[in-house]
Amino acid sequence: LCFSHGFDAEEDLVGKLASMSTNERIKAIQKMPETMRKKREIRNKVLKEITKKSRHRGAQCTQGAAVSFRRFGNTLSEYFQQLQPWHKTLKIIGAEFGTSVLSYFVFLKWLLNLNIFSFLINFGFITIPQFLAAEPNNLSFTGLELFTGAGYFQQTVLYYGFYTNATISKVENGPSYNMQLAYIFTVGIYFVISFLILLFSMARLFSRNFVNSQTFSVNASKLLSTWDFNITNEKAVKLQQKNLLIQIKEGLTEVNKEVRNFSVKERVGHIAAHLLAWVVSLATAVAACAGVYFLSINNLELFMKGYSNDLQRQTAMLVLPVIVSLLNTLIPFFFSWLGHLEKFQTPGQHIYVTIIRNIILKISIVGILCYYWLNIVATSESQCWETLVGQDIYRLVLVDFIFCLLGSFFGEFLRRIIGTTVCMSLGLPEFDIGRNVLDLIYAQTLTWIGILFSPLLPGIQMIAFLIVFFVKKVSLMRNCQPPRKVWRTAQMTTSFIFLLFCPSFLGVLCVIGVTVWRLKPSEECGPFRGLPSMYASVDEWMQILESYTVSKWVVWIYRNLISSELFFFILSTVVL
């Protein structure tokens, strides 16, 4: 006990000395009635205690600094996310309307990013070099060009025909820029990158939503392990709570969905209704395609025919895109009405059937237009048929964008007015996912086709998609109600990307392939003027490279891989 008491007293003494200043501590140790040896031991213990306290204090300071830095990083990350124009919007849409409506806006954002990427590539490698060799535009700007794409725009970098076929060099005997190779390689590499992006997106979404779907299923982990503790803002917390609640409801609806048992008579009635709806929808699509075909046959005459004034000529140019956009806008409303009459068991079945019918309609119309461009316009007596095709696609994209905005007004705003004032039983409309998604796929298909004939078209589509995003968001919030039946749509985004890939992207590759390899370019315009085909520029370049020993390996790859049908057959087999 005496030893313990003495040890505690010595510890207290060391603690008191450690808390003193250096001068006070030295004086206190000197005044102690102890031997020099004992005083040294006490001094050493005091120094160890001071070192231990300083380390502990330093660790506390470091830990506090790390926590403060982490909080600052989380706050900064939250502010950066809020700077994105769609980040908060997507959270609100997911919380208010569920993942089914959210999937449309996620898909729209994905397409917007794809067009930004396309625009930057084309502008950087094709348009900027052309500015260095551009000749002044002597045409006057009247304002009608914004709607028709003709007139003043015809002599600008917007269209294929304005680009030079010369090698650009601003310094004599300096580095040069081959516009032919830049044009074809930029477009080709962009399509290769887009192909890989689509494949990667489909594989990632397919793996997440089909192969490993159990990992993302609704269970206890959804409730206990998905909360983001970095959220500190009160509004963000409430939004996260609502979003989590919607996801749990959707999951429970999927788990507890009932399989209704119909009698034989009811089943026969449902099958007959579905067959009749399909016959009517296919007949409507065939009639629409026939109308577009006969109208497109006479469309070239509208370009060549002389008019008494420029206003008549400009108006005549808009006939084909207006009719096509009218068909693409009105017929999907009819398909949606047919779907409601069929009375599907789940909203998912209704949406997928509507999407399939719309894709048949829109891709068939695009196919008719491509036949018209490649077989009628390309063989016409026009001085620059590529520019005519580019103008046609420009008008189609612009008019389709206008009709998309009008669709939000008439299909959602007026429908809300009617449902809340005239016919109360209708109520608020629901957001038509199938129709709106196919509008996006149709617009992106036109953009892909038009890249070869109008390199800046992705920039126009980028602006259009950005406006559509916010217009659809406002229309959704003010005019639409959440889906009456809550349901989970984990596989819907995967389906959207797949439809964008096939038939849209693969069909565009066929059109671009025929244009580059088979069709003869115009003799008086464009970077490939005077060549038997656009691809002939690559053959000429390879003949030049054969004379250089350093470039032999490039020529070998071109001859044995790129020009080999067997290589592409094996590659397509592996990919598909």
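A Cβ is built for glycine as well, from the same backbone N, Cα and C atoms used for every other residue.
Listed in TrEMBL:
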TRANSMEM  110-132  transmembrane segment
TRANSMEM  181-200  transmembrane segment
TRANSMEM  275-296  transmembrane segment
TRANSMEM  316-339  transmembrane segment
TRANSMEM  351-374  transmembrane segment
DOMAIN    384-490  domain 'TMC'
TRANSMEM  394-410  transmembrane segment
TRANSMEM  446-471  transmembrane segment
TRANSMEM  492-517  transmembrane segment
TRANSMEM  556-575  transmembrane segment
Contact between the transmembrane segment (351-374) and the transmembrane segment (275-296) (at least 3 Cβ pairs under 8 Å, separation 6+): yes
Secondary structure tally of the domain 'TMC' (384-490) (DSSP, helix then strand then coil): 79 helix, 2 strand, 26 coil
Average model confidence [pLDDT] within the domain 'TMC' (384-490): 86
